[in-house]
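A.B. asks: Pulled these features from Swiss-Prot for this protein:
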type	residues	note
REPEAT	15-102	repeat 'Solcar 1'
REPEAT	115-200	repeat 'Solcar 2'
REPEAT	207-290	repeat 'Solcar 3'
TRANSMEM	12-31	transmembrane segment
TRANSMEM	83-99	transmembrane segment
TRANSMEM	120-141	transmembrane segment
TRANSMEM	167-191	transmembrane segment
TRANSMEM	214-230	transmembrane segment
TRANSMEM	265-282	transmembrane segment
Amino acid sequence: MATPREDHLKKGATASVYHTLVAGSVSGAVARAVTAPLDTVKIRLQLSNKSLGAHDGLRQTVVRIFKNEGIRAFWKGNVPAEIMYILYGATQFTSYSMFSKALTELETTYGFNLRPSNHSLIVGTSAGLTSLIVTYPFDLLRTRLAANSERHFLSMTAVIKQVRASGGLAGLYMGAKPTLLSLGLNSGLMFWTYEIAREVSAQYKDNIPFIEGFCGFFAGASSKGITFPLDTLRKRMQMRSSKTSIIGLARTILRREGLFGFYKGFGISLIKTAPTSAVSLFVYEVVLNGM
């Protein structure tokens, strides 16, 4: 009989900070490498203010990028994105492990006991917010580089200078407010649904290969469906040179593009995010189990 794989994200699990740092970094880098072209297309769709159907918008965007900018254009913004994914993966999983241990100690000290799914929701949200603070400037740089529709590539240095000229160093955090809601909530929901999926599928783990990947796919798809409108607001705000209120921007999108405007790029985002979560969580578990 096969030896059960350890779930390193479960409540009370123990793993060294070094191991979670390495595993989180590797999982982030691999996930980004797999989904980079999808991310570029998603960003272009989210920034479009044209009223196109989902299918037409996706097809036209892919064709336009390939025809006007070349195949390499699908990896525009990849350098800051790789840095962001590595840092985000390392910070997210490391802080998740640390917050999980701390919360477990609080439960023991004060005599209360959270359900594993609620434990994961609290810890996952905290880990997501921590990761956001560390990586957000790279997310903004990634968005601006990927949005460049010219055939030539902009450099990170040039974009940083543009941002500093218009908004100072604080400009690197333009759009952070909806991101606080989006990424924090998304991370919490992802870990929460992942643990629920793990509990439900526990009886099949010896018979179904890559069960962590299936659970991660479900977790990523569920969390993204709830938080995607906030992600669209974030992308729009990242491209602006002046401060814009979340409510004001949301009203503008609703008035000009309708409710669909908040979900532009959602289809490809789902294609991208679910595999990203699946690859990230699966690689994380594989690396830790191999260390």
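Each residue, glycine too, has its Cβ placed from N, Cα and C.
Bear in mind that the values here come from a model prediction, so they are computed numbers and not experimental data.
Structural setting of the listed features?
C.D. replies: Averaged across the repeat 'Solcar 2' (115-200), the predicted model reaches a pLDDT of 84.
Secondary structure by DSSP for the repeat 'Solcar 3' (207-290): 70 helix, 0 strand, 14 coil.
Panel annotation: around the transmembrane segment (83-99), residues 8-9, 13, 15, 17, 20-29, 31-32, 122-124, 126-128, 130-131, 134-135, 138-139, 142, 187, 191, 280, 284 of the same chain, lying at least six beyond its termini, place a Cβ under 8 Å from a Cβ of the stretch.
Listed by sequence, the residues of this chain that lie at least six past the ends of the transmembrane segment (120-141) yet keep a Cβ under 8 A from its Cβ atoms are 9, 11, 77, 80-81, 83-84, 87-88, 91-93, 95-96, 99-100, 103, 114, 156, 159-160, 163, 172-176, 179-180, 183-192, 194-195, 238.
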A.B. asks: Counting only residues 6+ away from its ends, which parts of the chain sit with a Cβ under 8 Å from the transmembrane segment (265-282)?
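C.D. replies: Non-local partners: 9, 27-28, 30-32, 34-35, 38-39, 41-46, 54, 57-58, 89, 190, 194, 210, 212-221, 223-225, 228, 231-232.
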